[in-house]
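This report concerns only the one structure given below.
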């Protein structure tokens, strides 16, 4: 009966009628069931489907008339139990087998955990990497794939890309124009590389509809590495009439070309030298078609190296689009005590009165944060992210930074957005016009249009630098920072606009904050264009005087479209700090995008009506008090400015921070704990938590400034590129299918480009897959960290390709690069895929350092007790991949180059690194390891480790060659194959090709292991492989002495000494010089040049011209602002200022004031007066009275309040405002009434601007240099162009001071003159002090040497030096030894001894080591093997059993597969069998290994990586599950006849009572009673025996009877008005059976008992048949 029939009249039916029931398993449904273990469903059928299917079957069994109960009874309870448990067990076992088999298949491709042959170690063969593989993982397919995959012929043709350059013996040339000559795997170092911007995009799309990728011959390249990927033009681009061109010949040539072809040269693009913007009036301003004619005209010019017609870009602000949400209300949120309320008037001003008017609401309640109210600013209480108002009292922890005095002073931040309101009362005091520009309007005023749509930039600016301690809005994070804005989003946006914004005044602006980007629509893949890319690179290489501009970017608001910020080329860049958002409660906001490029998080808005937003200033042109603030700033747009403000605090704490230092600080100090309520946190390989939502956690301002105070700049950045994997691989279109491929890299080990400590990792991918939004891409590092490079984007259904897109991940920060990297491409989307995709190419680019990057200031470490043990007590020190398990003397905190980032020259050279061989090879090309693998131990031979670290047995044969020991003098003790230096096994000095030599020839140098390697192409002689190691130069090159590089032209800051073909550095502060270091031709930014010297300000009697030079004033002027005698500001002695002139004597009506040095006007009526202003002669009709004042003739008889009118001839009253006068107007007063002041013949209540009160009642004018003053000698504001210093207005500040927006502020105490407040902004030093990199020192600091022109930087090889170049070192950095003035790294057979600062030879048994003695080995001399338990080189034990018993035995149990000591193989690296000449074996040997028995070859499980440990645990769990289920099945099988389960209700209903039975009539009757459902299950306790059923059930039913038959039967029918609350119906047969068995539902025997009774249970929906002894049947009814 249905649930819905609650009150209908329902007929149960005649008791004498028997419904016929059909078993669905024996009917049509039998065809759908393939086995007895389940129906037609998958093994992963959801539970809700199983339940629904069972209910349907039961319903069909009850109502299908095709099957009788007797037929169904044939399936016994035991058979059912067996079937159910056997099927369950079968499924579990099958799942475990599939899982184990999958791990066996997977492990050879990822971690090599399970292997049965040495060949499997190198050559991965499996389903996941085979193009023909399917998703059915069975053993037959495994064998098939192994048989069909051919082996590699040699190690060089391995299918897994191994970045190992042992066979690459030549240095390939680097094409200085493009990338054509770049060697795969080469890497560069930023500190001295050419930033080559000539990149050609060759990755076109499969179809024009996908996207039109512009081919560029001159894109931007960063040391040969394009970091941004292919830039694209929209499918329907709107072209403008502007053309960007690159003309290296300069502006004059650009003007000529523009004029020739009818263009107008609009000038240079931002700070990008030789890049100009052309405009043509005959080209449409907006067109869907490009102008090929004008493009061709520009391309025809040889001087035009690159050009691009500009097209509009779609760029969106990243504030929250709440207007699209139905729950959004634009009301202001106001604070009440104990809660928040919604103000119905959105324009209500933020005042206590307005707050009290609002009614209390219980909807939003947060903790009271009144204890944090330390600012009087009215909106500070709403800035919950600053005052502990987030959940659990958390915030951005800005308070400790403020308490230390860091408020952003001296730091300049610019907001790249839609402009900022410069006159906003909460911003005006901090506004910096030099950090601002209006690109849309092409002027210097960034004020946006006041149309309601351009508030974004102003709001962001308020978060950073809103003025504190005033009565407007709130406070900024860095409330004393200088704030500027760029108006760029309030009009068309193109590549030129972005480049201009990103390169605006990079020497002045420290931090750029941007809260915009491409569309966050879940389908766009876009990034910066070629000019914006160049602006980024120019910023990090040249901004902030070489320390690099800091770019802070909002990660994106595409969360509701499941967008990924890895598809945004701005946040996906290594140059930007990508910032995400967290809600007030510490959760992920609805708009957040997840990606692997996010570095950290700040608080922002959350769910409208639940989480608070950000309070800041607001744009309002009318400055209405109720419109200039807001509490509704939202999205990641609000997060990025908060991060920029925190970075400003850190920059104030340490102005020397580079752009990379800032990223390190953010990574090291961000806190995961406040955001750990949100899932998704993972530990990376150096035990640092990261999240795809929040990066490394919530930024911590207090921790950042504390660490910044101790921070020393990180070492130069190295860039290591892997080989490109160009093998096409199929991406299966089936849902859930995975393409897995891997790459073995060595991190460019052994080269100058080595990366041991990772920062950023880029994975450049080219693939085709439609739709590409289905894809999820994962990258796993050798340390087991998995980073998701791309999440599924369901809206990305139109495009099908990624063209060389560089997916960035910051999750590997601090890990090692060396080892196996695994890339997985997963089809995780539900959209249909018509054909498989193709992974065409992928490549890894590693950014990082070769030495420990974190090196705190040594003086702080030594003086502070809590910092003396950095590894144990400093909270900022983390373990790194390279120093885990290493001794303390490696990877220390010593600063090898404190000034590594001061001189950073761009466009100098392009590095061509090369990789030395890790060990010396024999002259015939055979590896020595293979040649002597069978020899005896090193101890028995008695050899010592030579420079080549080789030993050889006397009788060892290499093929058919016998090793001799009577050899050439150049052969070492290893012997030779014959006479002559070409037959040596190894060399005693150096090796050149196949010959041993005593010294390397010119244009080569000996590398670390004694091989003569060629110098860089520009070097004639060198000390290393790089272009910055030249000692002398190749022909037609100039030697840049201090950099040790060779160039064809001297770079800026150098002059050419043609006599000795060198480039000599100019003196400090010179940007360029000529013929002599002190003869400057241009100066650094913010400096001026006078007589070819650079100063912070022009000297006296000079003025600054437009070209930043100083010119002399006119001879009459002391200071001036122009060249003529009418441009004077102050005068020389004996001259007086009058109308911008300097006069010897003042004109009539003026007198010379010797105190003011000005010509002051005489009193009214005076013709001449003395120097003190006393009249000596009056004008006509004026008379000199007794007080020496001139009065009108005839006024002697007038009273004091009258004047004499010569027209009327009588006295007339003065104006009412005057006390006395000489005329009727209010401008004719000569004195004033009490409480009034006389100002220029007027009586006023107070002096106006430019006057001060003198003698109590007179307003005297300020000095002509002052615009405001409080007395004659105390100016408070100066005229335009003058500087205020201690109340005096001057043309230039005094020595020791600098101009800070018109006010002279003190320089750093060691500076004599300066350009700013920082330590490194000195321009001149006190006498006897030395200037080095902008700082003044008593002596040249470490890393500099004293020259005739100040301190010059040492070569980067040196720690200290006494001259330029790599041969002038006097001490070396750690791990380098001084040898004849040259710092050389220790050989592979040596270790660095810190006490003597020298390289010492390792123990004889060690090939490489980290210390003295035999227990410090890192590598061993064959045939010894490294025992990692004690770092000792030992031989293999001959008797393994004896070795296990004898712990002191100098041997180890060797692995039969690898030949190494057991448990010593390095995780993630390849293993090879010692003695094997190839890294690979044939397919026959691999196939044979599967068929060998266990005695022939051992099947080894190695726990050498995280994945293998997980594999072992998983296998053990599966085996345990199988064992447990086997035991359970055995027990249940034995007791199956006695078990009753809740789902199967076997119930033998007992007779109710003998007394009741006796009262019944003897004639056959039927009885029915209803059992009320009281919420219990009467068999949940389990019926253990028939006796318990007989004894208990009847009593229980009696207690629950609610209806009994009363009266006579009515045709064996009864009616129920409602089935509500009826649990079951019992049918009782009394007396002998009167019906025939075949027509009865119930058959009663002679005793009145039921024979066959059908029970329908409402709880289980299953019918059961009772035993014949039952007397009562129950039919449950579904109520």
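Backbone N, Cα and C atoms are what each Cβ position is placed from, and that goes for glycine too.
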Check the candidates 109, 862 against Swiss-Prot and report the one noted as N-linked glycosylation site.
109
Position flagged as N-linked glycosylation site [Swiss-Prot], chosen from 1274, 1551:
1274
Within a 10 Å radius around the Cβ, which one of these glycosylation sites has the most neighbouring Cβ atoms: 442, 1060, 1274?
1274
Quick check for the class: what is the C-alpha distance, in angstrom and rounded, between residue 629 (disulfide bond) and residue 456 (active site, charge relay system)?
12
Kindly state the mean pLDDT of the repeat 'FU 6' (1208-1253) in the predicted structure.
89
What are the DSSP helix/strand/coil residue counts across the repeat 'FU 10' (1396-1443)?
4 helix, 20 strand, 24 coil
Whole-number Å value for how far residue 1181 (N-linked glycosylation site) lies from residue 442 (N-linked glycosylation site) (Cα to Cα):
59
Going by a 10 angstroms cut-off between Cβ atoms, which of the recorded positions 480, 637, 1181, 1277 has the sparsest surroundings?
1181
C-beta crowding around residue 473 (disulfide bond), within 10 angstroms:
28
Give me the Cα-Cα distance between residue 456 (active site, charge relay system) and residue 417 (active site, charge relay system), rounded to a whole Å.
7
Given the recorded positions 417, 473, 720, state which is nearest to residue 1274 (N-linked glycosylation site) when distance is taken between Cα atoms.
473
Any idea what the Cα distance is from residue 748 (disulfide bond) over to residue 417 (active site, charge relay system), rounded to a whole Å?
41
Could you list the residues of the same chain, at least six apart in sequence, whose Cβ is under 8 A from the Cβ of residue 565 (disulfide bond)?
555, 556, 558, 571, 572, 578, 593, 594, 595, 597, 598
Helix, strand, coil: count each for the residues of the repeat 'FU 1' (961-1006), based on DSSP.
3 helix, 16 strand, 27 coil
Please identify, among the recorded positions 417, 480, 637, 720, 1277, the one with the smallest Cα-Cα distance to residue 1181 (N-linked glycosylation site).
1277
Protein Cβ atoms within 10 Å of residue 456 (active site, charge relay system), excluding its own:
25
Counts by DSSP class (helix H/G/I, strand E/B, coil) across the repeat 'FU 4' (1107-1152):
0 helix, 21 strand, 25 coil
Residue among the disulfide-bonded residues 629, 720 whose Cβ has the most other Cβ atoms within 10 Å:
720
